[in-house]
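Enquirer: Taken from Swiss-Prot, the feature Fe-coproporphyrin III binding site covers SER52, TYR121. The Fe(2+) binding site annotation in Swiss-Prot covers HIS177, GLU260 and rests on sequence analysis.
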Amino acid sequence: MLFDAVLLLSFGGPEGPQEVRPFLENVTRGRGIPPERLDEVAEHYFHFGGVSPINGINRALVDQISRQLESAGHPLPVFFGNRNWHPMVEDTVAEMRDKGIRRAAVFTTSAWGGYSGCKQYVEDIARARAAVGDGAPELVKLRQYFDHPSLVQLYAEAVSAAMSSLRGEARLVFTAHSIPLAADRRHGPELYSRQVHYLAQLVAAATGHQDYDVVWQSRSGPPQVPWLEPDIVDHLAALKDRGIRSVAVAPIGFVSDHLEVVWDLDNEAREYAQEHDIELVRAATPGADERFARLAVDLITEVVEGRPALRASGVNPVPGYGFSVNGALCSPLCCGVQED
């Protein structure tokens, strides 16, 4: 299978104060989120001038992917589209059609399976092609890459740097975005949480740490709905009660600095740590690192050349899915599960 373009598909984020509320309304459309909750979340964005870091990082990643494709001998145009804010994926796919693109590889900024990590991006692809209509390019979503060796190495280096900056014996804590327990059980089952735990295991092994914690962050929704726990701040409180005063937090659930990273960890978690005399260091995310861009090229090459998936080896490997064409569901154990 040959491609004549690449599409970087992401979540999106506002790039000015006037964009914050419309962006949040797009994100929460149809979910019945009360206006006062949107106002509360909007304040997180206003804290940073109404600008999410994600679009800037993704534009830099587009440039890196383009350079890595050229270095690999596969020069292709790289397009950028989002689910929730400009550039919207529908507009990007229309641009691709107008430029004569016939088949594009789609690399998403989510390494995971499950609904939020995989199926929503599949739905984005189907919606964009339907909006464009006749002449829309074939869009091939690349596989999940939570256990790609390059991703493991990037997180391992970030963890090592964070741990070495702390004094004394530090606790290693991995975080990822929480989701409702029912959603996690519906896919796999528990595909997403197992993938997160497996990546944590791989990164810990690569850094020589056998003892670590996996916790969750950024939950939302009604308090009576159970989500993956413990929350990072609650876990910091538990560590404090055990007398632990140095913590390295590694947000392995995120490939770049989403607002959830810079607000929930760099502000809320750090504020709690400072108030309770805990030294906290947050590990870096891959962002626009050239090795992360090469990971995307690896996934493309697997499809073009028919290579087997490049996956890190570890104890009790967890399945990965995600490959699909034109918004087709990827697997009965991931995307193929019917949503309620």
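Sequential numbering from 1, following the chain as shown.
In case you wondered, yes, glycine gets a Cβ from its N, Cα and C as well.
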Enquirer: Minimum Cβ neighbour count within 10 Å among the binding-site residues HIS177, GLU260: which residue?
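Expert: Counting other Cβ atoms within 10 Å of each of the binding-site residues HIS177, GLU260, the minimum falls on GLU260.
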Enquirer: Name, in the order they occur in the sequence, the residues of the same chain whose CB lies under 8 A from the CB of SER52 (Fe-coproporphyrin III binding site) and which sit 6 or more residues away.
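Expert: Same-chain residues close to SER52 (Fe-coproporphyrin III binding site) (Cβ under 8 Å, separated by 6 or more) are GLY13, PRO14, GLU15, TYR45, HIS258, LEU259.
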Enquirer: Looking at Cβ-Cβ distances, which residues of the chain lie under 8 angstroms from TYR121 (Fe-coproporphyrin III binding site) while being 6 or more apart from it?
Expert: LEU9, ARG83, VAL106, THR108, SER110, LYS141
Enquirer: Going by DSSP, is SER52 (Fe-coproporphyrin III binding site) part of a helix, a strand, or coil?
Expert: coil
